[in-house]
Amino acid sequence: MSANTITRKLRSFLYAVLLLGPGSALAEYKLNMPESVTVVGKEIFGLHMLVLWIVTIVGIGVFGVIIYSLFKHRKSKGAVASQFHESTAVEVIWTVIPLVILVLIAIPATKTLLKIEDSSNADVTVKATGWQWKWQYEYLDEDISFFSNLDSDSNEAREKGSGVNVRTVDNYLLDVDKPIVVPVNKKVRILTTSNDVIHAWWVPDLGIKRDAIPGYINESWFKATETGTYRGQCAELCGKDHGFMPIVVKVVAENDYQNWVAEQKEASAAASAGSDREWSEDELMTRGEEVYKANCAACHQANGEGVPGTFPALAGGELTTGSAEGHIDIVLNGKSGTSMQAFGPQLNDADLAAVITYERKSWGNDASVVQPSDVKAAR
Amino acid sequence: MSTVAATHEHHHPTGITRWLFTTNHKDIGTLYLWFAFIMFLLGGAMAMVIRAELFQPGMQIVDPHFFNQMTTMHGLIMVFGAVMPAFVGLANWQIPLMIGAPDMALPRMNNWSFWILPFAGTMLVSTLFMEGGGPAFGWTFYAPLSTTFAPASTDFFIFAVHLLGFSSIMGAINIIATILNMRAPGMTLMKMPLFVWTWLITAFLLIAVMPVLAGAVTMMLTDRNFGTSFFDAAGGGDPVLFQHVFWFFGHPEVYIMILPAFGVVSQIIPTFARKPLFGYASMVYATAAIAFLSFIVWAHHMFTVGMPVAGELYFMYATVMIAVPTAVKVFNWTATMWKGSMTFEAPMLWAIAFVFLFTIGGFTGLMLGVAPADFQYHDTYFVVAHFHYVLVTGAVFAIIAGVYYWLPKWTGNMYHEGLAKWHFWLSAISVNVLFFPMHFVGLAGMPRRIPDYSPMFAEFNMMASLGGFVFGASQLLFLYIIIKTIRGGEKATDEVWEGAEGLEWTVASPAPYHTFETPPQVK
Ligand SMILES: [Cu+2]
Ligand SMILES: [Cu+2]
């Protein structure tokens, strides 16, 4: 540990102990809620600070009285107990004062809440669907759809015994392979839903958190006033890898946003190109390993052994060593009522063929090769 | 007459059967308290696993699935295994002594309420060793994570919750029957000690909400095994319904764990301030008001599920209202200490720490109740900090205070005051090192229930873990102090504490096996 880190640690320790909290120039230690870059987020921050100050002042008052009493009214100092034990006037006063304070808090809180819940007239609408354990984003007006996974550096470093010092990984656990991009100063409406269990879409800097619930489509919105990259995480416990499904939002200028949209459309055309030709087994295996690591290893494990009782082993599995049809079917369509999701909508034919072939030819399995055309036929 | 002697023998068997067949409120109270303590240590050991994994960023010790089992089991064991049984234990020992009754109203049921617990607890813990692991969906077990996506052992968890519910309901019925029927002549309701009052109200809460919990887990059971779709959107059900049902139980549940704590503290502070409780009547009304409000605020745990805005407004207003009766309580305790003649034996130290630290938990509770801000706080470590302040430095501190306060009456011996002070100061300091930094990481953006985190949260997590280890170790000292007191020590007087008032201090120390066989007269 360098002298620098030690002093840094010591300082944060001290600040915490001294309760030197809100508002001070300690941004690097992250003691407080971020001020946010959205209008509503700033209001939320203001409310948070208002209530925090109120309770701090009330706390100082009440604790002050108690502490005074603890020193003054002790037997060892010869204090003699007086026997008063009732006063209606006092009781009424200290019932009414809290009530008044509450009303003072409730007024601005109501205003902000009404704003939060008004997601009408949005400029851009993005649907965020939670999957165990990644986010799918669909731009409803643009016909763009993609998945956003934990980035591969974090994903490798987070394994127990990975040997990687996670402090050397940039934005460890807070980075994704593909962020969502939105324009600055525009009202962005986020629709949240889920494909499996409940997740929650949360980006602190944008002042937005909303549950993603199967069977529901929830609305919320933000309007960022500064460009930048904002990071968040799934906030609702959603199973094993709940801690590993971050959210990254890039807020960019309007014309950068338009360029990005155009790029996405070209890229999705290019990606499906490879699906029409015959692939060699080597090509399929190389591609398949990548796809497997990114999409399947979280449950079935890198060694194909799965997790007993929760996720089946693919090494020596019935379907992975049996006929291709059954194997293609479960990967394409998933199995409802289990966490085995449908990968048909997530991956293109080439990727699917590659990952299925990979599973059929790894860990001692030796079944047939599957071509993109086979997957296409099964769709 | 020989039969009389024989019956008397029968009332005081020895060995294991004494404990298995006992219908004596003091024995049953002891059983409850030991059970709670064992569960407290077990749940605490799980917390140590959690804090060890979170000591540094990166996964070092456990895998994420096991981590989730630890957070889930820690919560379930502490709530249902430690805090609730501990308060029932205190009730069993103290309520008959405080109201001048010879025993609980329904002694055989009392035996049964207790003996269900070890079986339920064992079943719950055994799930950890089953294929697929134990419950890993959080102590709130939200569907569909706990139904469609849960391991097979979940059915055992459900059955364990049913059993715990039976036990609680029977315990509650017994307490109500005892308080309403067995008070000594002259002990009117408004003369009852506050501990008795808070337990009476708590018992009604229990009877009202434990069946709701049973309903929730039964619906889970049929969803999992019999093809219903209460909580499955694909079958026309509603996952949010689960949360409404759960929190209709869950919010009153948190008051079930804190009202008796208010009671304990309201006994202790007057004793050591040598001054009557300030505002006795308003304390009773405030308790009743809190209990009432607890039924109409449940959805403040669900502000982010996408309720209609009118619902959100209503639940926000109702929730912040709880601050009023709670504040009244804190003011009353303060006024009780004011111009008293205080001494600071262990029970008083814990009670004072309770007043300070529970109040901090109350403050963050008010912050959480403000719906727009809750959109940021929800499901973060800020919430974890909040409920540990109210449950650990609130409920658990009150239980420890109560144990020190009544231990001399139970054992006839004084505990070792020096060791008890060590226990207090170690705990009171480390518990803040443990939980206070959680406010910071929560505000800064750390979600709860994650096994690994961004290095920007590292310093405060390390601090919390260090505090946690010290706090955990300090409780072993508590165990040692208790055993030492049972074995011997300075003899306690009948009154035990100079300023103590109430019927329990009129009987001998240790309290004889049978007390108040002829009811005392209360003026
Ligand atoms: Cu999630
Ligand atoms: Cu609540």
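In case you wondered, yes, glycine gets a Cβ from its N, Cα and C as well.
As recorded in TrEMBL, the features of this protein are as follows:
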- B:19-523: domain 'Cytochrome oxidase subunit I profile' (DOMAIN)
- B:31-52: transmembrane segment (TRANSMEM)
- B:72-93: transmembrane segment (TRANSMEM)
- B:114-137: transmembrane segment (TRANSMEM)
- B:157-182: transmembrane segment (TRANSMEM)
- B:194-221: transmembrane segment (TRANSMEM)
- B:241-265: transmembrane segment (TRANSMEM)
- B:277-301: transmembrane segment (TRANSMEM)
- B:313-335: transmembrane segment (TRANSMEM)
- B:347-367: transmembrane segment (TRANSMEM)
- B:387-407: transmembrane segment (TRANSMEM)
- B:419-440: transmembrane segment (TRANSMEM)
- B:460-483: transmembrane segment (TRANSMEM)
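Count of Cβ pairs under 8 Å against the transmembrane segment (B:387-407): among B:72-93, B:114-137, B:194-221, B:419-440, B:460-483, the largest is for B:72-93. Within the chain, the transmembrane segment (B:114-137) has long-range Cβ neighbours (under 8 A, six or more residues past its boundaries) at 20, 28, 31-32, 35, 39, 42, 65-66, 68-69, 72-73, 76-77, 80-81, 85, 145-146, 149-154, 156-157, 159-161, 163-164, 166-167. Looking at which of B:72-93, B:194-221, B:241-265, B:347-367, B:419-440 has the most CB pairs under 8 Å to the transmembrane segment (B:277-301), the answer is the stretch B:241-265. Most Cβ pairs under 8 A with the transmembrane segment (B:419-440) among the ranges B:194-221, B:313-335, B:347-367 are made by B:347-367.
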